[in-house]
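A short worksheet on the structure shown next.
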Amino acid sequence: MNYNAQKFDKNEYELQSLGSETKKEALLAPVAPKQTTSLATYSLIIFIAIGVKVIQPLTIANAKNEDGSYRFNESTMVLLVEIVKLIFCTCVFAIQYKNTEDDSKSELHNLPFKMSLHFLVPALLYAASNTLVYYGISYINPGLFHVFGNIRILIAGILYRFMMGKKQSDLQWLSLILIACGAVLSSPAPEHANSSDNYLMGLLLLSLMSVCSTSASIYTEKYFKKTQKLSIFYQNIILYLYGILVNTFVVVFLKSEEKGAFDGFDQSGFMVLAAQSAMGVSLSFIFKYLDNIVYVISLTVAMLITAVISMMFFDLDPTYEFFSSMAVITIGIYIFYRSKLFEKFGIQDLVY
């Protein structure tokens, strides 16, 4: 059976496995053929993704006070990030819409309201994830944040298996165990931590953040590609509108008694705002035009770069355990995505 036939059979099977309502939505959704991405665009997206993933935890760590708290209100920061992303995507979409031929303009925003409600789910998950990241980094340094954060790959493997019905091979499950072991190995022992309770709390919050972030990423990728023909900027507009709705509720009903909504927004706060906004927009391009392997590659490279910077400017202790954990995680990631890497870059696998 050739590749196109296999692809057709797979799509037909997936459609038949859906419920009647979901199947109806899938048939009515404005789906376009999968777009090819040029090498220049591919490289640019990877470069930007790595850059923002390196900058994000560093800017957040730089905005901390000596006691680990932040000078700004975390809930307000999450809301402002959504607003900045919405403004940016609205402006770019307006330019894109103006420069599109009249016959094709409707295709850029042809999204039924019922279908748009699917974006409310990742909006809720991203709101939780983007809030937890501030509390997590308040307890740990940005280098450990990236290394332990690779546990999200294990979470993704489990979620893809039970939520999306995608099976992993025995070798992939072994690699997931390696990644989990590497994440645990990166966790500081009590004698190496300034406060073992604080570090454990940071790792717990980071684990919760990883669950929310990974779930949101899977859901977003699914519906970004299901509505492939829409403008990515319009898709983002819908996602960010729901995000603003959710985060406004958080700011209004979970007011901080210690900080006002807009207290403490100094230069470091605006750097966090810019980094978080850039990361959100750049990831949306990966989810729509590339795939999860690109995201993982960017995370791995960002982990290594952030570790070096954290050793130079933050309190990351370059211990044997930390370097071992990075090596174990890198090997685990390679094993898990080996076949996809070979397929993507046209490498012939050796068969014995």
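Cβ coordinates come from backbone N, Cα and C, glycine included.
Look at TrEMBL and you will find 39-56 (among others) tagged as transmembrane segment.
Annotation comment: TrEMBL describes 76-95 (among others) as transmembrane segment.
Within the chain, the transmembrane segment (116-137) has long-range Cβ neighbours (under 8 A, six or more residues past its boundaries) at 57, 60-61, 64, 70, 74-75, 77-78, 81, 145, 202-203, 205-206, 208-209, 212-213, 215-217, 219-220, 223, 235, 238-239, 242-243, 245-247, 250, 276. Per TrEMBL, transmembrane segment is recorded for 116-137 (among others).
Look at TrEMBL and you will find 143-163 (among others) tagged as transmembrane segment.
According to TrEMBL, the feature transmembrane segment maps to 170-187 (among others).
Annotation comment: TrEMBL describes 199-220 (among others) as transmembrane segment.
TrEMBL lists 232-254 (among others) with the feature transmembrane segment.
Per TrEMBL, the feature transmembrane segment maps to 269-287 (among others).
The feature transmembrane segment is assigned by TrEMBL to 294-314 (among others).
What TrEMBL lists as transmembrane segment is 320-337 (among others).
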Contact set, same chain, for the transmembrane segment (269-287): CB under 8 Å, 6 or more residues outside the stretch:
45, 48-49, 52-53, 55-56, 59-60, 62-63, 71-72, 77, 80-81, 84-85, 88-89, 130, 217, 220-221, 224-225, 232, 235-236, 239, 294-295, 298
